[in-house]
Structure formats: structure tokens, C-alpha cells
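Feature annotations, courtesy of TrEMBL:
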type	residues	note
BINDING	Ser182, Glu183, Glu229, Glu286, Ser316	Ca(2+) binding site
TRANSMEM	40-58	transmembrane segment
Amino acid sequence: MSYNIDDNEMIMSLREWRSAVRTPTTFRVGNSTLRIQTKFVSMVAVIGLLILCFLFIYGTPYRYKSSYHNIDDNDVAYHKRLKEPSVQNITPSTNRGTYNSTYPLTPPVTTKVGMKYRIGIVSDMDHSSKSKTEDFTWISYLFRGYVVWNPVSNSINVFWDDTKPIILKSSLGESGRGMELSEMIVFNGKLYAADDRTGMLFEIDNNGVIPWVVLQDGNGRVAKGFKSEWAAVKQQTLYVGGLGKEWTNHEGEMLNLNPLWVKTVTATGEPEYGVMSITDGSFFREGVLKNATILTWMKSDLVTYVGEITPTHGFSSFRFVPGTSDRIIVALKSVEDAGLTATYIMAFDITGKIILEETKVADFNLSREVRHRGRPKLRWLESIKNSVSEEVWNKKDVGGGVVEREEEIEIHHSSPDLAETG
């Protein structure tokens, strides 16, 4: 009986299997309609785009971070800066970040003989800037001194430090030349100098130079460095200009217009090359500044002759005396004649009235190397950070050499007004 049941079950399973093989496979097809919520997706895309725009405008891209000092946490100077009070005259900058408008770098001090300002000048020795003792090294000399202005008698005297000049060194050169510093200026609370051979703008700090921005000749697409001749600050922007005339060969044939370009550099170190000064005639530019009172570039010729004209003496740099409303100027004159060089300093007001006659810069305690090569061209004048102690600098009656030299100047010039002030 059980055998028949098993046979029947086997027969039924075979029939079911054959029936399943013959039956077509059944597929289930779902709904293929794709529905996209366009309003929601559009809103998400707009919000994402706004976030990207915000980050691009107000963020700090990497290219701006390179302008700042990379400070190691273990750096002694870094910890020293943390303890120092915040720098005054910090104002918002149009070039992102903040701008340090401190000037002069060393605050002037009132003395018996007038307001005393710390100054410095650097040398441009052309071919002689190459070091005789170190390979692949070029040098310049930083000399320091004081300018004393008596507002009562409207007189100015200049005194130089008795110490040796600071030797500024760099290994950056072009065609075997370098460190031919043709300009020195305070910008964004720092002291910079321009090398008219390599086009490099150096920061002068801690008695050394730090490469900051390199300016190329012409429109910036030239391999040669820009031959800087002057620099000025206007609206938190550094303007650097060239000679101001066409570049010619010895026969007078024009080679290019590169010296006509005026470069601009932002406080974050971004150079631009969009300005070219084209004028008729020949005009050599050695010193250019912005008048803080007039607040505009002059579009007409305002010519004032200062003192007697000496054909071999030419102005090479000038600075307004702080606190005089840009009315009194201290200037340098350079002489390059028959292989001889010399530097003179003088002071006058903007009407051309002489305050300090043209005076040859006194002999410094120069190193043997400088004496061997002759006098460097001490050309550029600028306020600098003080090197003496704050206690000595802030004294009303500075003892030692400075006051003694001031008394000698009083006797030499027989200035009763200066003598009456003590």
C-alpha cells in the first residue's frame, strides 16, 4: 500500500516539474517614472553657491599667507613679541588684513635743542657692492644718525653715529651684481630697501635683509629685474618707479620703455604692473613722495629752484620732516663725477627757502674694505628703528656724544636761537 502512494507522489512531482519547465518565466516590472523635486534641488544649489562665494571673498587664500612671517613657537623673538604692547596706528586696510601706519618708526623726542629724529641712509656702490671676502655675496652699508629740528628758530642740524655702519649682506645677484640699494622707505610699519639691479624689495630687520617681493622689468614679463629709483606710499599702497625716461644705448638709440613703468605693491606683497608714465621730453626721477596735506598727484609742473645750482650735484632722495605738515624737507644730493662720488645733505621748506645749507656728509668710521674702495654713494634717507636703549633715547638731556656734538654745532654756526634753547 505504501509503495503505491510513493509511486503516485513521484509521478505527480515529475508532472509538476515538466509543467514548470514549459511555463514561461514571470517578471515583475516596477514603476520606471523618475520624479525630481526641482525646487528643493535648486534651493540647495543656490545655498551652496552662496557659501562658496562667501568663502572666496572673506576667506584668506593661501597666496596671502605667504606674506607673513613663519614664526616657530620656539623662536625667542616670537615670545618677545607676545609680551610687547600692540602697535599703535593700526587701521583697517583695503588690501585685506590690517595696515600699520606707524611713522616714524622711532618716535621723536623733545630735547633742549629741538625735536630729535632717528634717521638712516644706505649705500649704493654699483659694481663695488660685490664682497671681496665672501663668495656670491653682495653688500650695502647702513649708516645711522639724528636730525634735530628747532621749531622756534626753524633750524635743522644733523648728527651721525660714531659707530661703524651696519653691513647688509645678500646672496641674491644678477649678472654678477646685487645689493645696489637705490631706495629705502617705511611701509606698513616696516623698513624696506629696493635693489635696482635684481628688482628685489628687501625688508631691513635685525641688522640684516630679508627678501620680500621681486619686481621684474617692464610689464613684469621680462627676465631682468626692475631698476627701481624711487618709492612712495599712497593710500596704503607702495608705489615703486623707474628712471622716468626711455632706456637707450651709448649712441642714444632707444632700446625699450621699461624705465617708464610704475609698479604698485600691496601691504600683503602683491605686485601689479598696470601703470606706465609716458611724457614728452626727458625727466629723470630720483625721489617722489606723496604730500599728506594735498592728498593728490600733481598734474601740472610746479618748479622751485633750491639754492645755487651746481651741475655735478643732483638730488637723490628726500623726506618730509614729521610734525611739519609736510612743509620742511631734508634731502640728499649725490655727486658722481670722473669716478669720484660724494653725498651732501641739506634742508629747505616747500617754497625753496634754505634751512640747512648743502653740507657734505661727514666721514664715518668705515671699515677697511670701504676705505680701500673709496666713499660709497650714501644716497637714501629714511627714519629707522632706534638702536640705543629706550631709557637713553627718551631722556630729555641725552648725555655723551650727541649733546657734545650739538654744542659744537652751536658754536660753529654761532646760532643764538639754538644757544638760547640750551
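A Cβ is built for glycine as well, from the same backbone N, Cα and C atoms used for every other residue.
Because TrEMBL annotations are produced automatically, they should be read as predictions rather than curated entries.
Counting other Cβ atoms within 10 Å of each Cβ, the binding-site residues Glu183, Glu229 show the lowest value at Glu229. A simple way to gauge crowding: the CB of Ser316 (Ca(2+) binding site) has 26 other CB atoms within 10 angstroms, across all the protein chains here. When Cβ atoms from all protein chains are considered, those within 10 Å of Ser182 (Ca(2+) binding site) total 22, not counting its own.
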